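A.B. asks: This is the structure I have questions about; it appears just below.
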Amino acid sequence: MTDDEVAARRHRAMKADADADATTDATTAANADKGRTDEMNSDAAQDGQTGGPARTVRVVLVDDHRMFRTGVQAEIGRTDETGVEVVGEAADVDQAVTVITATRPEVVLLDVHLPGGGGVEVLRRSAAMMADPERPVRFLALSVSDAAEDVIGVIRGGARGYVTKTITGTDLVDAVFRVSDGDAVFSPRLAGFVLDAFASTDAPPVDEDLDRLTQREREVLRLIARGYAYKEIAKQLFISVKTVESHVSAVLRKLQLSNRHELTRWATARRLV
């Protein structure tokens with residue numbers, strides 16, 4: 001074999017080794033890239049699994065003010081973010097019972113004062129659904145009223161809790177989940193009413209004078225007794241000032257009182273303020 005042939009053979013061998021090394025490096029790099037990609041995909045999948053709510057609670061809103069229902073739904077009904085799914089709404093007792101029966105939600109947000117008998121009547125007509133051992137419907141009162149009478153009434157009727165409409169959206173979502181789990185939830189100062197009522201053995205009798213008032217008149221009565229101006233009451237209850245004046249006149253007439261000062265003393269004596 002000539003020197004040229006030996007040199008050529010050596011050149012071909014060196015080239016083959018270089019090609020083999022390049023192939024190995026490329027394969028190693030590709031495998032490394034694949035490993036990084038798989039790891040990123042795994043992390044993304046885990047993020048997707050933990051980013052949203054772990055479960056969903058189905059809720060029905062019961063309130064006679066459409067604007068308020070719309071606001072609550074906008075605040076807590078973003079299911080992907082909050083885990084709350086609003087499956088129905090109602091504005092009075094009959095609608096509430098119909099919607100609750102049809103949808104069987106886990107939690108009902110219930111206003112105390114409703115046309116057709118109030119929140120207590122909704123609770124009475126929903127007793128069988130509340131007692132269902134498999135799919136119990138639980139109620140959380142959500143009301144502008146923080147009167148002891150209202151709180152105790154709906155709790156005796158079977159509601160799992162009572163919060164006022166000053167509650168934040170975040171706290172309301174938390175309350176919904178807690179009630180769905182069977183917990184009792186109350187706005188801070190309201191829990192005392194319930195403890196006092198159920199610990200007392202000498203609960204006051206039903207006030208016949210108070211029974212003469214409609215639910216709306218009771219709401220106006222309490223706000224007047226707390227010092228609210230007519231305009232403030234109108235804004236709070238989503239009614240006109242003229243309607244407030246009519247309710248006040250009716251309350252004074254039915255209770256045989258002369259002015260709002262007497263009305264305030266009357267309400268304070270009955271722990272309605």
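Every residue gets a Cβ built from N, Cα and C, even glycine.
Here's the feature list from TrEMBL:
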REGION    1-55  region 'Disordered'
COMPBIAS  21-32  compositional bias 'Low complexity'
DOMAIN    58-180  domain 'Response regulatory'
MOD_RES   Asp111  4-aspartylphosphate
DOMAIN    206-271  domain 'HTH luxR-type'
A.B. asks: Could you give me the DSSP helix, strand and coil counts for the domain 'HTH luxR-type' (206-271)?
C.D. replies: 48 helix, 0 strand, 18 coil
A.B. asks: Could you check what DSSP calls Asp111 (4-aspartylphosphate) once collapsed to helix, strand or coil?
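C.D. replies: In three-state terms, Asp111 (4-aspartylphosphate) counts as coil.
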